[in-house]
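Asks: So that we are looking at the same thing, I have put the structure below in structure tokens.
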């Protein structure tokens, strides 16, 4: 006796095809409408439409991945075809097709002769229902940048955003499992029979489940990292232009704060508390402050007004300022918090007897964002920084640091470049990608030719999913001292 709650929902092939065609038509209409709307708007409205359209494109692409995941995981839940010897296959062919032969299950159906309650509960169907819920929440995760916004993250938003990170891990592990399976099968069938493919074939369902388990393990490990205090990493950097009669100068570097649907007021307040406890001479915020509008996240951002440093608190934009909100409104907000905006500008200060020039450039992405009055202008940012002072540049993306180092005129004016952006990869599968895409990835670098230091922070927080590699959330405490 078969137990399946899904049997009541079965549709004929023609009805299913019709629904698929209607869904495709609706998706096409939505995408065309948004593309037209993007062309007819500008400013903040344009960028919000771009963001929404990007999310819809991502969700559409995810449909294919979700279908793949559903087929693979459902295979593991319901059907597992163990390896058969030639004699077993011969017997099977005489009895019934190979497709239906020797079907076993990791989650057995209820025993028809057992307790009535157990008969009513089909574990396979429960597993499939949970899988559908997981896929659904993963698909809608990015839309929480528009709904349920407030000073603290919403539980549903946190769950959905966590699931999308888990989704990415599971997808990668399933692809690895399939690559191994099919590559060994080709060798097995065309070159020579091998025990590796036999083992993978016999245990395929278990390897699929292992991919799912590993995905959730990485998710929970990442959640632990982002729900504990960021790590304080210390660095000591010698400065040739420091006066020996003066003292050391300390800088607390905060990058990639990412106030948004998964980063709220409590987290920001704790970061501010830890930063002030270090008693830095200068606090530098190297971009990617928020992923939304001031009206949605001002409550979460308010603790930033409590940042204190005798040499000042400074901010330069990151790419997310131009992707997720109105950068001008955030400038007003920060200025009301006594945070100095370095919008292709610099400020001269004297701290502990050392003359310094704090400079900041707009992010590289600002030019592509087409926000009037914004765009990376390194010459303007460093224009009044003199050669006899110690000059520090805030440039969100490490590729901007590479631009400075490759320009002989600019590199003469810079002694230390502070960046972020990379998140150290944020999640382990993406670590190789950030190494390929960025000139510098994480930590302290020294360019001997220009005598310039670069420090890249992995960020104090994370973007989107509250998942990060172990030790990935960090506050950087740099001590600048005279060169011995």
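Including glycine, each Cβ sits where the backbone N, Cα and C put it.
Just so you know, TrEMBL annotations never went through curation; they're auto-generated.
TrEMBL feature annotations, pasted as is:
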DOMAIN    250-424  domain 'Calcineurin-like phosphoesterase'
TRANSMEM  20-37  transmembrane segment
TRANSMEM  49-70  transmembrane segment
TRANSMEM  126-149  transmembrane segment
TRANSMEM  155-184  transmembrane segment
TRANSMEM  205-224  transmembrane segment
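How buried are these features, and what lies next to them?
Replies: Outside the transmembrane segment (126-149) by six or more residues, the chain places 5-6, 51-52, 55, 58-59, 62-63, 66, 69-70, 73-74, 77, 107, 156-157, 159-161, 163-164, 166-167, 260-261, 291-292, 296-297, 324, 464-465 with a CB less than 8 A from a CB of the stretch.
Outside the transmembrane segment (155-184), and at least 6 residues removed from its termini, the chain residues within Cβ reach (under 8 Å) are 62, 65, 68-69, 72-73, 134-135, 137-138, 140-142, 144, 148, 194, 196-197, 200-201, 204, 207-208, 210-212, 214-216, 218-219, 222-223, 261-262, 427, 429, 464-467.
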Asks: As a test of reading the model: what is the averaged pLDDT for the domain 'Calcineurin-like phosphoesterase' (250-424)?
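Replies: Residues in the domain 'Calcineurin-like phosphoesterase' (250-424) carry a mean pLDDT of 95 in this prediction.
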